[in-house]
Every structure is written in structure tokens, then in C-alpha cells.
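Asker: Got a structure for you, questions after.
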Amino acid sequence: MFSIIFSNPVKPFNSVIIHQIRFFSRDPFPNKVQHYLYRANLIDSIRLSLRSPTTSDRTLASLLNHRLLDSFVVKNALRSSPSVSSAWSIFKTLSHKSPRFSFETETLHAFATVLAKFQRSSELNSLIGVVNAWKFRNVHFSFMNLLNLYATAGDFDSVLKTWDEYRCSGEEKKGCTESYNIVMQVYMTLGKDSEAVQTFDQIINEGGIPNSRTFTIMIEHLVKLGNLDAAMKIFETLPLMRITRTLKHYSVLVEAFVDAQRFDEVKTLIAEMKSDGKFPSRRMLEPLKRMREAGFEHETEEFLREMLPDERIKDISMYSMDNPSDSEDEGDEYKDDVNEAQVKLKPWLDPKALATSLKKWSSDAVTALEEANFVWTNLLVCKMLRNFRAPETAWSFFCWVAIQPGFTHDAYTIERMMAMLARNGQVELVDKLISKVRIEGIKLPFSTIRLIIDLYGISKKPEAAIKVFNEDRTLCGSISDFNLMLLYSSLLRTLTKCKRNAEALETLEDMMLTGVSPDIQTFSGLMYHFALQGEIQTVERLFSMVRQIGLEPDPYMLKLLVQAYCRCERSVLAYRVFQDMKDSNLMPDRETKELLVKSLWREEKRKEAAAVEESYEEENDNKNSSNVLRLALKGHVWTISSTDISRVYNLYRDCVLKTST
């Protein structure tokens, strides 16, 4: 059900396209869909040519010399190369026999990626050297390109060397999160466990924002060291930090726990995966099969049924762009004449490019789409919806595909559509889908309801968010206290984004009355918002509520308060918070300290400014910065608390160092 492919070989379409070329002197394609399909045919011809033992170099040269060949076709043909020699064949043929073709950034990057994938470091370095010598005009490899290429190629020395150059270049202040992730993974692969931990520590110290992939690497590292329980604890902490749990997280853990025959944990992960609205990746197929063989048929039946290949999908076999067959029957006849070992492939398909070709939804484009005979699976439709830019086009496609033979929308496709509509403020259409879901008895994942509420904050639709929270959250079934707290937090954040301060405070009161306590991040977000609005009494009331419900003010909360008070020109209040931090043996980071000092000077509080400077100097003189708040974490007002990140870091460090010693 979830395979991506054409229902019929695309051979008949070739003759249609070639026929069309005669009538269109400027643009041989009446619409972008037919252009996409022609490109797909050409890519498939090249793919088959590279894999067939009977195909001559002349055939490949003929395909690569086609007058409609472009960088898009070359890029994807290179990416589909089955070997380095195949990629070199494309590269050399284009260089020597196709003078009209000019290598661009995307084609050279694709070629470099193939060399890296097959770990041909010397050839990769040669290509990088040629590119850096400006032999290909304006083509350039950035530091991030190089880090990714070297890491893929397994050239870890070059990764670390490039990382040092990157940090010294000034291209980024300290380096983006993904650069830290690459280095962290390299150290993990090399078995340099303490260096991997130090790299994670660097992300925090240098103001980076750990993302989902950061925690993927951490979980993989712990699994590699045999610390499955610690890996599971990290995974369970992610929702607290509002970090999205990805399919990669689930795949790594499911595989590890199946290997350890700890099937209770696997059942928990499967249930969580459904709640998060995730569908298993291919990597999970074998572990789930093994789990079924161990007697857990009921738990795995749904996923395995949908992961099996779709019988409607047919392979493509050898055909030529220059001599296409006119029918399926002729194609079958051709198959009988070739060797039994003939190459067969699933047709090439790029959901992003196909969605882009439908940018202008028209009757001609729809006709071309129908004639292509795609098998519309739920996974393909999800990928298409993700890549539409305009909600109107996405909605037209969503409605059109609903009436295609053999296709039925499910919770996954509905979530994709709802997310786009909510982000763009299309409240009526979201309500229409919700009504349909309710009538048909479809159960939505909890993550869908929460996502809609979050996205209504972006589109500034607070009433719609309140309506979803109050009336539609039952569509995901029973909600745990923890998930209800997350849902309340999302609603509060949306209301503050929309400047609906009164409703936010009413919602907070309702939350407390129902016995659901906000976490420290929610309080931090509210206090920061009201401090920026200049509502100091509300901030103080919220601060007292933190202690009333038994929470300890988070160091990051105190830091946020200092920043907020400074920005609304209440530096005296910021100084009081600074004193509270000092009394608790904490100091803000340098950036926050400098903001406080500037604010105090601006408001002519010179004595207080000098006291802050003196306190900071004393701390440095003690040569013990362990009590200096290290968390910059810009942009994480509502998400990561210093307590959570410290707990994760300590767990990771202790497990890794204990195992290493």
C-alpha cells in the first residue's frame, strides 16, 4: 500500500512526447507534468542503460546527447548510478561528447555524492580540487558540503580538518547545529566516546540548539555501547523538550530492542509511534517480521500489511527513448526475446519535482497526470502534500486523488493536508476535514491535534485553536495527563503569539483547576511574553505560582527574566533577578551579563552595573565556572529547560564514560 510507483510501464508515454515535439518549437511540452514525465522516462532509460550488460557505450552516449537533456536529468541519473564506474561513464560522456551540456552546481554535487557514497576518497578529493580551482565557473563547495561529503566517504581526518577550518573562517559565528552533529557522529564512529560527549557539550556552551538529529546520534551512541535503557530514557525525555521524535529514533530503538528480545519495550515504541503519527520506515521491516515470528502477530499486523510491496506496481525493463514501444503488449513481447537475467527496476519518481510540476493546477495537467497511470499510495500522497507550496493546489490535489481508483485517504494523508491548511489559516477547510474524520470514525494521532493548534499560532487564528482544543481533541482518543499538559502548553503559546493575553491567563487558570500542572518551560514562555509586554505584576504573579505548585525556578527561566526586563527598560527588576541568581550560586552567561550592564548604564544605575561586573570578575578569578549558566539556547523559550538538558547531558556523559572505562 505504501510503495511509490507507476501502475504501468511508462513506455507508451514516450511516443506521445516525441510526437508532441514536432508541434512545439519553443516549449515541446504543453504543461509541466508532461515535461516531468518526459524527464522521468529519460532518467529511467539512463538507469537501465547503466545496468544492462548488453547496452553499448553508444546507447548511453545517444541518451546523454539528447537535445532535451538538462541538469535535472543528469543530477538524478548520477544519483541513481549503481557504481562509481557508471557515474564516471556519465561524467566522461558528457565532458567529451556532449559539448552543449554545461556542468552546474547540482550536477557536480550529485557526482561528488556518488563518489562519497562509494567511499572513493582520492577521486572525491580530485574533484573537489578541480572545483575549488574554479574549473567549472561559479560552482563551489561550501564547508557544510565538504563536511557531509567527507563524512559519507568515511574520510574522518578530513572531516575534523574541515571542521577546524570552518570554525576559524568566520563563515558562521560558531557553526550550525548540523556541523556539530557531523563531528559528534564521526567521534562516535571512531570510538572516541569522550570527544563525542564533549561535542554535545560544545553545542550547549556555544549557544547552539540541539535538534532531532543530535539526539539520534546520542541514542545511536548509547545503543552501540549497549546502554539500551539509557537510550530509552533519552527518547522519553524528548517530548519534554518539545523535540520531534523521528522515524530514525524509532528505527534505531525498535531494531535494538528486537535484537535484545525485549518485546515489551518494542510494543511501547509501536504504540508511541502511532500516537506520534509515524509510519515505520523500511529499516523496521525485518525487525517487525522477527517480532511477529516471536508470537506478536497482533501488535505487528497493521504495520507489516501496509509495508508489503503493492502488487499493482510493475517493473520497468529495457526500452529506448529513441525507439519506444507503442503498447504494453509490445513491451511484453519484447521481454520474451531478451535474456532471463534482464534488468528490471522500479520506475524513477521524485514527489517533490512532480508536486512542483502541478504548481498551476489545470485540466491539461490533470489529464496528463491521469494518463501517467500512477499508483497512488498513501505514502506517495503524503510526500506530494509535503512538497506543495500553495494550499489551494494542495487542496485541489487532495480532492482529486480521493476519487482515484484504489485510493482512500487515511490519518497520515489527512494530517498532512490539515497541517498545510492550518499553517495558511484555512480554518473552514480544516473544519471540513475534521467533520469528515468524525463522520467516518477515523482516529487521528495526538500529534495531529497538537500540530494544528501550534500552526494556528503561526497563521494567527486563536479562535480556531481554542475550538480544536475544546471540541476536537477527542478525535485522538484518550489523552494522558502528560500529553494534555503538552496540548495546553501549545494552546497557551498560540494565544500569546496572537496577543490574546486575557484568554491565555484564563486558559492557564482552567489548566490548573483541572489538575494539570504546567511545566517550567510553559511558565518561562508566559513570563517572558508578559515581561516583554511590560505587565510586570502578571510576571510576578506567574513567578509566585511556580513555587506554589512545587516547581523550582529554572536557571534558564531566571536568565529569560533578566533579558525580558532589560528589553522593556526595567533594569532594576532585572538586577533583582540577578541577585537571586547570585544567591543561588548561579551566574548568567556573558551575553546576558553584558545586556544587563548596558541596561543599567542606560538607566543611570551605575552602582548596580559595577556590582554586576565585579561579581562576574570574582567568578572568573575563582577559576571555577561550573556555576555560570552555560545555556544560551536562543529561540527555545517555550521548549528546552536547563534542567532537562542538564539531565540528558549528565545521563549521556555518565553512561558513555562508565562504559569507556
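These residue numbers are counts, starting from 1, taken along the chain as shown.
Including glycine, each Cβ sits where the backbone N, Cα and C put it.
According to Swiss-Prot, the record shows the following:
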REPEAT    139-173  repeat 'PPR 1'
REPEAT    176-210  repeat 'PPR 2'
REPEAT    211-245  repeat 'PPR 3'
REPEAT    246-280  repeat 'PPR 4'
REPEAT    410-444  repeat 'PPR 5'
REPEAT    445-475  repeat 'PPR 6'
REPEAT    484-518  repeat 'PPR 7'
REPEAT    519-553  repeat 'PPR 8'
REPEAT    554-588  repeat 'PPR 9'
Asker: Let me know the model's mean pLDDT on the repeat 'PPR 7' (484-518).
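Answerer: When the pLDDT values over the repeat 'PPR 7' (484-518) are averaged, the result is 97.
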Asker: Tell me the residue counts in helix, strand and coil for the repeat 'PPR 5' (410-444), as DSSP assigns them.
Answerer: 27 helix, 0 strand, 8 coil
Asker: Go through the chain and flag residues at least 6 beyond the ends of the repeat 'PPR 4' (246-280) whose CB is under 8 A from any CB in it; none is fine as an answer.
Answerer: 2, 212-213, 215-216, 219-220, 223, 228, 231-232, 235, 238, 287-288, 290-291, 294, 296, 299-300, 303, 306-307, 379, 411-412, 415, 444-448, 476, 483
Asker: So how many of the residues in the repeat 'PPR 6' (445-475) end up helix, strand or coil by DSSP?
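Answerer: Residue counts in helix, strand and coil order: 27 helix, 0 strand, 4 coil.
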